[in-house]
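First, the structure itself, so that you have it in front of you.
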Amino acid sequence: MNKLVCKLGFAALIIAMISISCDTVTQPAMEEQVQTEPVAGEVIDGQYIVVLNPDEAELDSRGKAYAENFRLAVMNEAGISDDLIMSSYSTVFVGFSAKLDESQLNRLKLDPRVDYIEEDKIVTLAPPCGTPNGGPCEPDDGGGDSGDGGGSTVITPWGIDRVGGSVTYTGSAVSWVIDTGIQLDHPDLNVDGSRGFTAFNSGPDSKSADDRNGHGTHVAGTIGAQNSILGVASGVVQVPVKVLDRRGSGSVSGVIAGVDYVAANANPGDVANMSLGGGTSQSLDDAVIAAADAGVLFSIAAGNSGTWASGSSPARVDHPNTWTIAATDVNDTFASFSNYGPPTSFAAPGVNVESTWTGSSYRTISGTSMAAPHVAGILIVTGGTVNSNGTSSTAPNGVSYPIASHQ
């Protein structure tokens, strides 16, 4: 089989988000980036994602122990020591990410046991709307802290009502939030920190899956907040899968490590939310597809670049058990920042969405990052079905998208 080193442009892998927000951690995979200002899409010098030939690895027929020995044999013959490994993959595919010199890379290119190789790259949360690089805000998008939550009145955000209302969830499905982590002790979230994961192997973000940014906590609130503010599947158990650090920065290899962890630990019918993405990545797409084939249901943000969703991973994944979600406002108007086009299947509330935030607080922000968790909650409530209630205004590609609902 031909080997491929995928060369992605420096502009790739910009996370499609507006703001794009377990103490026991296993399988550390990724070092925290040391840049003061991480640059989205920038190649991580000398770092690669190596995917091994699935026919050679025989993961399905011979099990993970054989696959692990297979991976180690490839590494040893290429002269790659354990200290060069950033992450290892054994569930979505057999492979690893590593820091490689030119000699090691060339040996891997010539090895028939290697399927393909990609350069690893930095991913970041997109800059907020209204900033030079963040694009225009929707009307009244303050993006600030909210004082509504935490009082005596229970708040039901407008988006929760729009998708069918909040349901007290008592089923067995689990929400896996692949993001910046979740505040482990937020009073409005049912977080299972014991199953949490962090993709970092050094720095403060390696110590736990607790959210130091806020984005993942916001996503979790829309999925399943309870008590002072309500999510779609209120009270659902949520597991933090931290692949982005306190600045909202990580790497493609770290995101894959998170997906691999979910695939290894989730049950069929569990739901994973990915309010992240960027330029195309075959390895990230392949990881999501493999986890979806194992029965994990994925709700994926379409992206916030106001362009085709097909230009972004994992949003471009078009596969059973995956849904790519665009954003609308309170009037069902298609959001100006939202990506569109195949494989986008539904739109959901993504403008001025109030939810939980770090510091046991609440915040109102916008993005397809906020739309996707509405659908994640729907998938939990319905057991894997997304219904619709009305349509959005016309998107730039001329399509009016069905607005997701659990009713």
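One is the number of the first residue shown, and numbering goes on along the chain from there.
Positions of Cβ are set from backbone N, Cα and C atoms, glycine also.
Automatic prediction, not curation, is the source of TrEMBL annotations.
Fair warning: this is a prediction, and the values are worked out from it, not measured in the lab.
Per TrEMBL, the feature signal peptide maps to 1-21. Residues or ranges marked as domain 'Inhibitor I9' by TrEMBL: 47-125. Summarising the annotation, TrEMBL assigns region 'Disordered' to 125-152, 387-407. The domain 'Peptidase S8/S53' feature in TrEMBL is assigned to 177-379. Annotated active site, charge relay system per TrEMBL: Asp179, His215, Ser369, in sequence order. Here TrEMBL flags 387-397 as compositional bias 'Polar residues'.
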Can you tell me which parts of the same chain pack against the compositional bias 'Polar residues' (387-397), counting only residues 6+ beyond its ends and a CB-CB cutoff under 8 A?
162-164, 306, 308, 326, 328, 332-334, 338, 340-341, 346-347, 378, 403-407
By DSSP assignment, list the helix, strand and coil residue numbers for the domain 'Inhibitor I9' (47-125), in that order.
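Secondary-structure composition of the domain 'Inhibitor I9' (47-125): 34 helix, 27 strand, 18 coil.
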Within the compositional bias 'Polar residues' (387-397), count helix residues (DSSP H, G, I), strand residues (E, B) and coil residues, in that order.
0 helix, 5 strand, 6 coil
Do you know offhand how many angstrom separate Asp179 (active site, charge relay system) and His215 (active site, charge relay system) by C-alpha?
7
Going by DSSP, give the three-state secondary structure for Ser369 (active site, charge relay system).
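Assignment for Ser369 (active site, charge relay system) reads helix.
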Kindly state the mean pLDDT of the domain 'Inhibitor I9' (47-125) in the predicted structure.
91
Where does His215 (active site, charge relay system) sit in DSSP terms: helix, strand, or coil?
helix
